[in-house]
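Feature annotations, reproduced from Swiss-Prot:
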- S109: active site, phosphoserine intermediate (ACT_SITE)
- G35, L36, S37, G38, S39, G40, K41, S42: ATP binding site (BINDING)
- 1-23: region 'Disordered' (REGION)
Amino acid sequence: MALHDENVVWHSHPVTPQQREQHHGHRGVVLWFTGLSGSGKSTVAGGLEEALHKLGVSTYLLDGDNVRHGLCSDLGFSDADRKENIRRVGEVANLMVEAGLVVLTAFISPHRAERQMVRERVGEGRFIEVFVDTPLAICEARDPKGLYKKARAGELRNFTGIDSVYEAPESAEIHLNGEQLVTNLVQQLLDLLRQNDIIRS
């Protein structure tokens with residue numbers, strides 16, 4: 001849709017985001033997990049979603065690989081396509097936040113500018129940047145998908161951490177040590193959500 005199309009008008013809904021939050025019993029936010037491939041983003045996000053589900057919190061997990069099977073199946077891994085991938089996911093996450101959900105997203109999202117773009121779209125207070133900080137050597141040793149091996153062999157181009165840059169967050173809301181146990185990292189995130197009055201259970 002062209003930004004200048006005057007025939008497309010925003011339609012307000014009778015049920016507000018605040019009313020949806022009241023219905024759910026918690027605030028709507030997005031936890032944006034970022035880090036290298038193999039850092040543990042999806043694993044920690046999945047562990048947190050499971051813990052929140054047990055507490056009765058309404059959640060949804062958007063995973064980097066999964067969205068490329070549908071929403072972003074037409075995109076490659078050029079800088080332009082990666083930016084569009086993050087833009088689309090940011091828009092979906094924002095809609096889910098307005099629905100009152102706690103949204104967890106697990107994406108490498110290597111560039112600060114793109115993460116900032118989503119932060120501005122969702123709004124301060126509703127965007128929690130989660131940096132899963134795991135050394136490259138550990139990520140390579142894990143290599144659950146064999147991608148680092150392919151990148152080192154020259155079979156995979158533009159791979160983050162090898163021949164494509166990863167810009168680490170400078171002021172993430174929470175900085176996780178990706179070498180710790182997943183249960184410890186999940187507990188740190190639960191503590192953060194409670195401290196910020198996002199969940200009460």
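Every residue, even glycine, has its Cβ placed from backbone N, Cα and C.
Sequence features annotated in Swiss-Prot and their locations in the structure.
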{"residue": "G35", "record": "ATP binding site", "Cβ contacts under 8 Å, 6 or more apart": "K41, I108, F131, V132, D133, T134, G178"}
{"residue": "L36", "record": "ATP binding site", "Cβ contacts under 8 Å, 6 or more apart": "I108, T134, L136, C139, T160, G161, Y166"}
{"residue": "S37", "record": "ATP binding site", "Cβ contacts under 8 Å, 6 or more apart": "I108, C139, K145, L147, Y148, F159, T160, G161"}
{"residue": "G38", "record": "ATP binding site", "Cβ contacts under 8 Å, 6 or more apart": "T134, I138, C139, E140, R142, D143, P144, K145, L147, Y148"}
{"residue": "S39", "record": "ATP binding site", "Cβ contacts under 8 Å, 6 or more apart": "V132, D133, T134, C139, G178"}
{"residue": "G40", "record": "ATP binding site", "Cβ contacts under 8 Å, 6 or more apart": "V132, T134, G178, V182, L185"}
{"residue": "S42", "record": "ATP binding site", "Cβ contacts under 8 Å, 6 or more apart": "F33, D63, G64, D65, A106"}
{"residue": "S109", "record": "active site, phosphoserine intermediate", "Cβ contacts under 8 Å, 6 or more apart": "W32, T34, I86, R115, V118"}
How many of the residues that make up the region 'Disordered' (1-23) does DSSP mark as helix, as strand and as coil?
7 helix, 0 strand, 16 coil
According to DSSP, folded down to helix, strand and coil, what is K41 (ATP binding site)?
helix
Env. residues of ATP site, Cβ within 8 Å of mean position of G35, L36, S37, G38, S39, G40, K41, S42 Cβ:
A106, I108, V132, T134, C139, G178
